[in-house]
Amino acid sequence: MPQKIKVAVAGARGRMGQEVVKMVLQDPELELVAAVSPSAAGVDAGRMVGMESVGVQVESELETALRISKPDVLVDFTTPQTVLHNTETALKYGVRPVIGTTGFTPEDIERLDKQCKELGIGGLIAPNFSIGAILMMKFAAEASKYMPHVEIIEYHGDQKLDAPSGTSIKTAELISEVRQELRQGNPKEEETIDGARGGYYNGFRIHSVRLPGVFAQQEVIFGAFGQTLKIRHDSYDRAGYMPGVNQAVKKVMTYAGMIYGFEHIMD
Ligand code: NAP
């Protein structure tokens, strides 16, 4: 049997992190070697996710965990504030980052890509690991060629830290690559309440709804004479992201450079 891929998980006690820990423990091709989450330090990682004890204690500090456990891959679902530092720490130890946390600038991604290439290792930053969401983005970009008047509405739980979502920004980027230059709406438009028209991106708008009870949804709405088209994706469960994360952990072992977007490695 080929060697198992050694995986560390940052944000292991988080909502996404726990799903990643379970996914890794359930795949015989993967081995959980470290789990990092300050609030669960000292707890067995298996027990933390309601499974059998696995003999991997959750650590409070990423750098120590990486130095001791020497993983092949770090999966990060932490916070926009910590993820850049975590990614740089992984590269410092030659560990391939698979990043689900949002919050990178294009300059960050370019710099990390250069670093990965210099080190000869792969990495992935994916604002969304779900196949349905990737298809929603692709279809939206395709539609924007023919219906360039577009607005994005994204819906998430009220505890989400960043707005707009990484997925909506990625959608807007893909649309902008193919949509004709166009500043939508009435040029004399004025907001009587600040933010009423949403965030401005390259001629169109992104709206962020934050409500308890909502998980993750996005609608891309196109308008033309006498018609609208809506492309909508709904996520109901965090487990839905795990086939994508699993595929990414295996794929980053096979190339050099930091890829941005799961669609580029999707089979
Ligand atoms: P969450 O439940 O709040 O979990 C975040 C975790 O990060 C917490 O458990 C926290 O640990 C941990 N953390 C904070 N600082 C850390 C550090 N320095 N080192 C290690 N762990 C640290 O959040 P979530 O819902 O899982 O989401 C996490 C991120 O993933 C968000 O940015 C979200 O937008 C993104 N996300 C991405 C996708 C995708 O497909 N790419 C899907 C869903 C969510 P403690 O609890 O121990 O303090």
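From the backbone N, Cα and C atoms, a Cβ is placed for every residue, glycine too.
No curator has checked TrEMBL annotations; they are predicted automatically.
Per TrEMBL, the features are:
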DOMAIN    5-129  domain 'Dihydrodipicolinate reductase N-terminal'
BINDING   Gly11, Ala12, Arg13, Gly14, Arg15, Met16, Gly100, Thr101, Thr102, Ala126, Pro127, Asn128, Phe129  NAD(+) binding site
ACT_SITE  His156  active site, proton donor/acceptor
ACT_SITE  Lys160  active site, proton donor
BINDING   Gly166, Thr167  (S)-2,3,4,5-tetrahydrodipicolinate binding site
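Mapped onto this structure are the features recorded in TrEMBL.
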{"residue": "Gly11", "record": "NAD(+) binding site", "Cβ contacts under 8 Å, 6 or more apart": "Gly17, Val36, Ser37, Asp76, Phe77, Thr78, Thr79, Thr101"}
{"residue": "Arg15", "record": "NAD(+) binding site", "Cβ contacts under 8 Å, 6 or more apart": "Arg238"}
{"residue": "Gly100", "record": "NAD(+) binding site", "Cβ contacts under 8 Å, 6 or more apart": "Met16, Val75, Asp76, Phe77, Ala126, Phe129, Tyr241, Val245"}
{"residue": "Thr102", "record": "NAD(+) binding site", "Cβ contacts under 8 Å, 6 or more apart": "Pro80, Val83, Pro127, Asp162, Ser165, Gly166, Ile169"}
{"residue": "His156", "record": "active site, proton donor/acceptor", "Cβ contacts under 8 Å, 6 or more apart": "Ser165, Ser208, Val209, Arg210, Val214, Phe215, Ala216, Gln217"}
{"residue": "Lys160", "record": "active site, proton donor", "Cβ contacts under 8 Å, 6 or more apart": "Arg210"}
{"residue": "Thr167", "record": "(S)-2,3,4,5-tetrahydrodipicolinate binding site", "Cβ contacts under 8 Å, 6 or more apart": "Pro127, Asn128, Ala133, Met137, Glu154, Ala216, Gln218"}
### Query
Near ligand 1, which of the recorded positions Gly11, Arg13, Thr102, Phe129, His156 have CB less than 6 Å from any of its atoms?
Gly11, Arg13, Thr102, Phe129
#### Entry: For the domain 'Dihydrodipicolinate reductase N-terminal' (5-129), the mean pLDDT of the predicted model
97
## Note on the structure
Reduced DSSP state (H/G/I helix, E/B strand, rest coil) at His156 (active site, proton donor/acceptor) is strand
## Note on the structure
According to DSSP, Gly166 ((S)-2,3,4,5-tetrahydrodipicolinate binding site) sits in helix
#### Entry: Gly166 ((S)-2,3,4,5-tetrahydrodipicolinate binding site): tally of other CB atoms within 10 A of its CB
19
## Note on the structure
For Arg13 (NAD(+) binding site), the nonlocal same-chain Cβ neighbours (under 8 Å, six or more residues apart) come out as Ser37, Ser39, Ala40, Met48, Val58
### Message
For a quick check of understanding: given the listed NAD(+)-binding residues Gly11, Ala12, Arg13, Gly14, Arg15, Met16, Gly100, Thr101, Thr102, Ala126, Pro127, Asn128, Phe129, what is the maximum Cα-Cα distance in angstrom, as an integer?
### Response
20
### Task
Run through the Cβ atoms and count how many others sit within 10 Å of the one on Pro127 (NAD(+) binding site).
23
## Note on the structure
Counting across all protein chains, other CB atoms within 10 angstroms of the CB of Phe129 (NAD(+) binding site) number 23
### Query
Going by DSSP, how much of the domain 'Dihydrodipicolinate reductase N-terminal' (5-129) is helix, how much is strand and how much is coil, in residues?
51 helix, 28 strand, 46 coil
